[in-house]
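Taken from TrEMBL, the feature domain 'G-protein coupled receptors family 2 profile 1' covers 1-63. According to TrEMBL, the domain 'G-protein coupled receptors family 2 profile 2' annotation covers 85-335. Taken from TrEMBL, the feature transmembrane segment covers 87-108, 120-137, 173-192, 199-223, 235-258, 279-302, 314-334.
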């Protein structure tokens with residue numbers, strides 16, 4: 001017969017001699033269009049036959065090369081879809097990592113910016129950094145070598161990479177939830193937030209994902225320890241997915257409640273002009289931060305993993321990769337308090353340099 005074979009796109013299980021098997025177009029080839037074609041391979045006395053029809057034909061793809069390389073066409077090059085997507089999300093995560101590291105440096109260096117709000121922002125930024133790093137690690141472990149057999153790959157390294165990735169994603173969603181909780185608490189306490197809440201936020205943001213991933217790892221080890229744990233068709237995937245869905249919908253409810261509270265406070269006739277301006281600024285920030293509340297994830301939250309794979313991949317990988325940059329931009333670079341502190345420090349440094357130059361000139365003159 002024919003042994004299990006990974007052809008670079010699909011996993012073909014072992015078959016007896018003379019039998020054949022058909023598979024649907026791989027999800028990664030359906031990023032921009034959904035193809036219903038089937039690819040078939042036969043088990044012959046010389047081994048597996050070439051895919052028929054070829055991937056590029058059955059899945060309605062254009063090959064990367066314009067030559068008549070029959071074998072390359074038959075094996076079905078992943079096409080420009082995956083290559084373009086990988087370049088886009090690599091640029092996105094790289095841009096986000098650079099912006100987030102700079103934002104953390106700004107919040108850490110200026111003492112006047114040290115407060116509970118910015119401390120939560122730093123944790124939030126860190127979760128985005130972990131998520132971007134986890135994507136790069138996962139890519140380097142699972143997809144760096146084209147000769148890797150994804151049918152049988154089940155190493156400690158790849159499982160550790162997937163575990164770190166799942167923890168980073170969970171932490172990102174739960175710090176997203178903490179940002180929503182903090183904003184709601186800030187409104188309820190009228191712009192005064194007790195520092196005693198900080199440790200509770202840290203436990204929610206880092207602790208809940210740690211416990212969840214720990215339970216997931218133990219479950220996979222005992223009941224479903226095969227492959228690289230990157231299959232989302234497993235029933236145990238709900239150990240990760242359920243807490244994510246919970247965070248998304250709680251954040252969605254918080255967003256609706258915050259919007260309602262802001263509308264009520266702005267319409268209040270007894271509100272002072274100072275507080276009214278504060279609430280107006282907060283309203284603008286809230287409208288800009290809709291993606292940060294995870295509201296956009298509600299679109300895909302209840303759909304099965306196999307529904308809308310192309311749109312989901314493009315949305316979560318490409319657009320999601322720039323989310324960290326958007327967070328740093330709105331929370332740090334466009335923050336009036338941060339800009340004022342940078343201008344103050346820059347002016348102080350300029351005056352110091354001018355003073356030093358004047359003193360040196362005076363010393364030279366008197367000498």
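Placed from the backbone N, Cα and C atoms, the Cβ positions cover glycine too.
Per-stretch counts of Cβ pairs under 8 Å to the transmembrane segment (235-258) identify 173-192 as the leading one among 87-108, 173-192, 199-223. Non-local neighbours of the transmembrane segment (87-108) in the same chain are 114, 118, 121-122, 125-126, 128-129, 132-133, 135-136, 317-318, 320-325, 327-329, 331-333, 338, 342; each lies 6+ residues outside the stretch with a CB under 8 Å from one of its CB atoms.
In the predicted model, the domain 'G-protein coupled receptors family 2 profile 1' (1-63) shows an average pLDDT of 73.
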